[in-house]
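What Swiss-Prot records for this protein:
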- 900-912: compositional bias 'Basic residues' (COMPBIAS)
- 917-929: compositional bias 'Acidic residues' (COMPBIAS)
- 955-964: compositional bias 'Basic residues' (COMPBIAS)
- 980-994: compositional bias 'Basic residues' (COMPBIAS)
- 1023-1034: compositional bias 'Basic and acidic residues' (COMPBIAS)
- 1129-1139: compositional bias 'Basic and acidic residues' (COMPBIAS)
- 1160-1173: compositional bias 'Basic and acidic residues' (COMPBIAS)
- Ser932: phosphoserine (MOD_RES)
- Ser941: phosphoserine (MOD_RES)
- Ser970: phosphoserine (MOD_RES)
- Ser1020: phosphoserine (MOD_RES)
- Ser1021: phosphoserine (MOD_RES)
- Ser1039: phosphoserine (MOD_RES)
- Ser1041: phosphoserine (MOD_RES)
- Ser1043: phosphoserine (MOD_RES)
- Ser1085: phosphoserine (MOD_RES)
- Ser1087: phosphoserine (MOD_RES)
- Ser1097: phosphoserine (MOD_RES)
- Ser1102: phosphoserine (MOD_RES)
- 41-75: repeat 'TPR 1' (REPEAT)
- 412-444: repeat 'TPR 8' (REPEAT)
- 451-484: repeat 'TPR 9' (REPEAT)
- 647-680: repeat 'TPR 14' (REPEAT)
Amino acid sequence: MSRGSIEIPLRDTDEVIELDFDQLPEGDEVISILKQEHTQLHIWIALALEYYKQGKTEEFVKLLEAARIDGNLDYRDHEKDQMTCLDTLAAYYVQQARKEKNKDNKKDLITQATLLYTMADKIIMYDQNHLLGRACFCLLEGDKMDQADAQFHFVLNQSPNNIPALLGKACISFNKKDYRGALAYYKKALRTNPGCPAEVRLGMGHCFVKLNKLEKARLAFSRALELNSKCVGALVGLAVLELNNKEADSIKNGVQLLSRAYTIDPSNPMVLNHLANHFFFKKDYSKVQHLALHAFHNTEVEAMQAESCYQLARSFHVQEDYDQAFQYYYQATQFASSSFVLPFFGLGQMYIYRGDKENASQCFEKVLKAYPNNYETMKILGSLYAASEDQEKRDIAKGHLKKVTEQYPDDVEAWIELAQILEQTDIQGALSAYGTATRILQEKVQADVPPEILNNVGALHFRLGNLGEAKKYFLASLDRAKAEAEHDEHYYNAISVTTSYNLARLYEAMCEFHEAEKLYKNILREHPNYVDCYLRLGAMARDKGNFYEASDWFKEALQINQDHPDAWSLIGNLHLAKQEWGPGQKKFERILKQPSTQSDTYSMLALGNVWLQTLHQPTRDREKEKRHQDRALAIYKQVLRNDAKNLYAANGIGAVLAHKGYFREARDVFAQVREATADISDVWLNLAHIYVEQKQYISAVQMYENCLRKFYKHQNTEVVLYLARALFKCGKLQECKQTLLKARHVAPSDTVLMFNVALVLQRLATSVLKDEKSNLKEVLNAVKELELAHRYFSYLSKVGDKMRFDLALAATEARQCSDLLSQAQYHVARARKQDEEERELRAKQEQEKELLRQKLLKEQEEKRLREKEEQKKLLEQRAQYVEKTKNILMFTGETEATKEKKRGGGGGRRSKKGGEFDEFVNDDTDDDLPISKKKKRRKGSGSEQEGEDEEGGERKKKKRRRHPKGEEGSDDDETENGPKPKKRRPPKAEKKKAPKPERLPPSMKGKIKSKAIISSSDDSSDEDKLKIADEGHPRNSNSNSDSDEDEQRKKCASSESDSDENQNKSGSEAGSPRRPRRQRSDQDSDSDQPSRKRRPSGSEQSDNESVQSGRSHSGVSENDSRPASPSAESDHESERGSDNEGSGQGSGNESEPEGSNNEASDRGSEHGSDDSD
């Protein structure tokens, strides 16, 4: 069946030439016809496309190339055909360039396509097909992704459903890792044209894989296979999904799919690489190499080439062909993307094999950057950095290994690596890591702990000072090495030698020198070239003071290794210890002349110290001193340039600055060194020296003392001398003497110490002798010390050490001591005289003190006797008072009985209601009688006031008169009857209205007596002699009955010189002070007649009672205002005891008279109320 034909018009005629597509002639023939007939361009393009469809690409290219030049453009819209011609040819070149393997040919094709697209741009730039072709060309170039994206975007703006543009955008989004966006474009293209080729669904499948939607990806790949059973991409995709399931059946299915893909396209690099990976795990390395090499040569995609090279490299690696493996690993890293780090892992292993740890570290760092928590990479990097000398890298290694041990706590190797890193910085951490490793070995692995680990643990304990633990681990390591020697004798014997050496060092530290020496010599018998043993034996001899023996051991080491720097350094130190500066300097210079040790820090420091030491020797050549300073400074600077953290060099620079006189700068240097480390004793001493030079002696003393405590277990005489010097300059001579004496105990034969002790003794003695306040003991002791200093100086001036001090100076000091001793007798005599005077003065003062003490003792004894006598008198007075009280109580009872008989005839309401209180209303004598109290209360109140004199009683009276009446009235009544006292009204209210009387309980009727107590003495009428019990609180006598008022009126008519008996009846002036005469006359005139003729009304009586009560409280008694009678004066002395006793009783029972007053007032008020009723 004919596919069709095309007509070519003949020139200048109406005829045409018809060419059948099934029988197209050769290209050249067609071109000649087209040229001859001057055929239009669109016919050229149609014929060219037909040739392309039939696979005749050469004719296709020839036709389009000829059409560019010879095509007829003389017709409408020829520009579009012209552009189509150029774009079609360019698209062909782009397609060929994509397939081309040769880089030069590929480059030529791209150049031709670029030229053609540029020419087309000049014709119609914004044609959709032209833009699509140009965008695909940009995608091929790879580095013009954004330009292609812009052109696809432009096309989609004009035609949103343009499928090539949608597929182009999907491709760009996928390459930019925007998998969701790419999937969206694929879906849109599929919706626009559901009949899209299988490649569209293949692209969707890849998007689903990247989005981790594996089931949808499987469906997409399967659908692509349904549409195109030869879609290799879909077969590979499904195969990878099957292989990743890691099950036997899935792996089998995956391999079958790959084989099917290989059958369809044997040159597909993706298929070849996956098959190579499969055969690698089957250990068929020849097939791996064949397939991978074939894949490498069949692709220009670098990612594919990297995969192929990696497969080749690891096949050679596993066959131990490390050179070929290195080559392919390296080539794979050149092609690999940043995410494909497996080649770097293999390459790093190859670098480790070659010993290039730096490049190996870089390779593993790239792997770790892509996979930050990869266990194997961190472990390898940790091991690599652990062996580095760079502390920063060691810190990185520590971090990596800690992460490894956290992720896999049972990894013994990681714990051991971590412990080895921590050995330098964290001994306790290293011990802990070793402990964990040993525990895992014993518990999890069920294996014995290797002797290497035991030796390392012992060494760590040794560094910590745990000598016992260290010995235990060293011995265990030796036992373990002997047991393991059966398997590898040479290796474990070497370990035993190292452990034996460590054990010998331990014995040295434990001061078991004999055992250490024995071990060293045993090692040397088996291994005569073990240089360290010679050095340790020499060091032990040096520490014992056997310098010659030490030198012999060091020379033995030099016979084995003539250029051994440690041996030459130790020999040089022997010379320096003997102050042989020249030979010592030559030894260190010899070390620095060797090429391998020309920058040896220790030797350079030693040379600097030699030049610095020469500055301590006395010299007058300032130029020479300056040269030595500059040389030492230059050496220390060189050391700092080589090692910026060398503290000893910094300390040396500070010392040179101090010698130059720059004390402040030197102090700053020393301070910085001490901040960096406090474990260098020289820095402390240098700081103290600077303080002395700056005259900060207190700080210097503290620094020296701290240095002694921190660094020297025993007394170091050199540092003690520095301390004594600071104390001497500070003026603390006594402390200086004690410090030097301690040093003399350590080094009794040291002549410098002896000189300094003598000098301090001399200065102390001089200061004591010049001080006129010094006592005899101090002066005698100073003379004794001066004699001792003289003997010391005399001895030192003859046999002193000329190298350490000037003997002439000792002789001069001896003469000065002799001069002072010649003047000492004057000072002794002066002190003796002063001492005698002080002794006499002290004796006199002691005598006066003794007299004063005896006088005080005598006065105290007299006072005690007086007090005892007074107490005795008081007791006697109390006894008399008690007797008198008993008599008065008896008398009061008889009087009351008489009064009751006289009042028995009265009647009426008054006698009934007021009768229970009438038994208490007596004459004036009864008013003054005391109320019987409970014995317990009377006794207590009386004893409190016994012994008070009359003046005391008088003061109490005056004081108590100021109390308000209401307060006085409530106490006794409530105390007598038991209930709690009630608050009374203020005095103003009592004046207006008499208070309602409180009723006593029936049990108390007839039992209350007057509380006034009258002295039994007949002649005590004077107010100064007579004291009644209720002193200080005057009575209200106006509250008694009419007969009481009558009796009082009669007493007013009697003379003032009545007998003692009448005065006793009228009451005591002290205990119950009377009203003045004017007041008494008023009472008489107001109350005399009514009491006989009529009964007063309640209101009148209440008024009278309140007025009289107020007057009684405010004034002094009648007897207070009149002079005492002569008879009372004559009996004053005889009655003083009785008066005092009564006064004491009254003042002690202050509540009793108050109760009596209230009783009287209550009785008067009750009478008034009865009458008014």
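Just so you know, glycine gets a Cβ as well, placed from its N, Cα and C.
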Outside the repeat 'TPR 1' (41-75), six or more residues from its ends: residues with CB under 8 Å to it: 6, 8, 19, 21, 24, 26-28, 30-31, 34-35, 81-82, 84-86, 88-89, 92
Three-state composition of the repeat 'TPR 8' (412-444), taking helix and strand from DSSP: 28 helix, 0 strand, 5 coil
Summary of DSSP states over the repeat 'TPR 14' (647-680), given as helix, strand and coil counts: 28 helix, 0 strand, 6 coil
Rounded mean pLDDT for the residues that make up the repeat 'TPR 1' (41-75): 81
